[in-house]
Amino acid sequence: MFLRRPVMDIEGWSPDRSIKKESWRTVLTLAYQSLGVVYGDLSTSPLYVYKSTFAEDIQHSETNEEIYGVLSFVFWTLTLIPLLKYVFIVLRADDNGEGGTFALYSCFAGMPGGFGLRLRSTLEKHRVLQRMLLTLALIGTCMVIGDGVLTPAISVFSAVSGLELVVSKHHHQYIEVPVACIILLFLFYLQHYGTHRVGFLFAPVVITWLFCISAIGVYNIFHWNPHVYKALSPYYMYKFLKKTQRGGWMSLGGILLCITGSEAMFADLGHFSQLSIKIAFSFVVYPSLILAYMGQAAYLSRHHIIENDYQIGFYVSVPEKLRWPVLAIAILAAVVGSQAIITGTFSIIKQCCALGCFPRVKIVHTSSKICGQIYIPEINWTLMLLCLAVTIGFRDTKHISNASGLAVITVMLVTTCLMSLVIVLCWNRSVLLSICFIFFFGSVEALYFSASLIKFLEGAWVPVALSFIFLIVMHIWHYGTLKKYEFDVQNKVSINWLLGLGPNLGIVRVRGIGLIHTELVSGVPAIFSHFVTNLPAFHQVLVLFCIKYVPVPHVRPDERFLVGRIGPKEYRVYRCIAVMAIVTLSWTMWSLRRILFLV
């Protein structure tokens, strides 16, 4: 008889799902923190967008059609993708507060997840569809991990490249890469302090940076070209493509970088809340970025003599007296810019582990209030090593930006495809609405994807290679996990067999507690029969330990463990089911010892 609740009730277990409504003070605090964690990458994109766009595919002429066309593309891309798609649509498709591609996949997979439970029976009949959705989600997940390697490299490298304007070129070529590597080492070292501490530390930097770029943008607009606002018209996109043709299409890979970090709004959703992320972007980040890009375009529209690629970068549009302080703030902002994708990678790896698609890693919860704020040491140091390798290997922003662009747009395409299915199957909206969603946003993203893919040999191969490696690891682990569970189910031993062995189970019982981990919630795992057959002794207390994830963001302390006795009391055999959202195995083992001590 079970001490709390029958084990067979675990599938239908329904804990208290009531979530306390957040106060406005909490929402604004989270919005403030999100500026330092979520939007750092997006806010530093003005450092390299124009520079990457005009790298080689198009030239900046005196007619200004190119610069006006690029500004129009940047404005409408920022408006359609981050603002319309993510803020108003995608953020609503969270999985009990968690975001990212696996949050969308859990809508269909029949695994732990808020939406997935309703579609379990349907997908069990369509295994091919489930495998296709899993593969699509894994591709998006692997690209996010790949972006976690590339984004810190391009953000920090772009900021450090501004040193050429304040030091001689002879010294610049020797200090650029070492300085970038030192900054990256410092960034990844800070991760173990947790999102809430890093958020409060980084948020003032991002706010200062956004204020600087928007103020410089306003100054350049009024000082150089007050009529630059006319370039926001979509007509200038048409003129741009008509004049530049193939070169203009290839330059879209540089324009694409203006939305790097947009996926972090969704991936980092578990660290904050929908409303806080929406407020921070709509009222702070979006207007600041538009003013920054307009200011750069206004300056460049009056300066057409370009001696080198730095002449079209961000720093040339900064008044000369302000370059040193702006450079210092830019370097700090670049460090912050990498934070978004790093924390997003942690969140997605956590979801992969819960769904059995990634090897188990140590997950450290850094906040007692926000359950989604985590730190994964193994992933952190792996990202650091790969990031340093990319920085030292490429040594320029051109190839890194090509690689980052392909990773970013691939994740967005995966999100669009999965989101179209959420609209129909989970939100119960019309198929026509889903088709309109995937046609509209998919067309825009496919255009950018084609421009990025054509630069495969110029650096874009890096995210593909990284994703391929992670995809193999995830598929092998997922396949092995399923096969192991199927074997345990088919070969499990009945309780009657266990009881037939007698109180001592046919072996010598010694002092201590023996734990046998299993995925089964009923029966005895086959491995135990192997123990009984081959071992001369076993512990006095035997516990069959099982972990089950449930689709809630938080499990109350009194419902975290279902502990029951198997057979008569003198057998000293128990079953413990740990019910959890997604927490670390080591924490569970520690808590289990306390429970068994009481039992």
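Each residue's number is its place along the chain shown, starting with 1.
Positions of Cβ are set from backbone N, Cα and C atoms, glycine also.
TrEMBL entries are annotated by machine, without manual review.
Quick look at what TrEMBL lists:
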DOMAIN    30-498  domain 'K+ potassium transporter integral membrane'
DOMAIN    512-577  domain 'K+ potassium transporter C-terminal'
TRANSMEM  67-90  transmembrane segment
TRANSMEM  102-120  transmembrane segment
TRANSMEM  132-154  transmembrane segment
TRANSMEM  174-191  transmembrane segment
TRANSMEM  198-222  transmembrane segment
TRANSMEM  247-267  transmembrane segment
TRANSMEM  279-299  transmembrane segment
TRANSMEM  324-349  transmembrane segment
TRANSMEM  370-394  transmembrane segment
TRANSMEM  406-425  transmembrane segment
TRANSMEM  460-477  transmembrane segment
TRANSMEM  573-592  transmembrane segment
Cβ pairs under 8 Å between the transmembrane segment (370-394) and the transmembrane segment (198-222), at least three:
no
At least three Cβ pairs under 8 Å linking the transmembrane segment (279-299) and the transmembrane segment (198-222), pairs spaced 6 or more in sequence?
yes
Using DSSP, what is the helix/strand/coil residue split across the domain 'K+ potassium transporter C-terminal' (512-577)?
15 helix, 30 strand, 21 coil
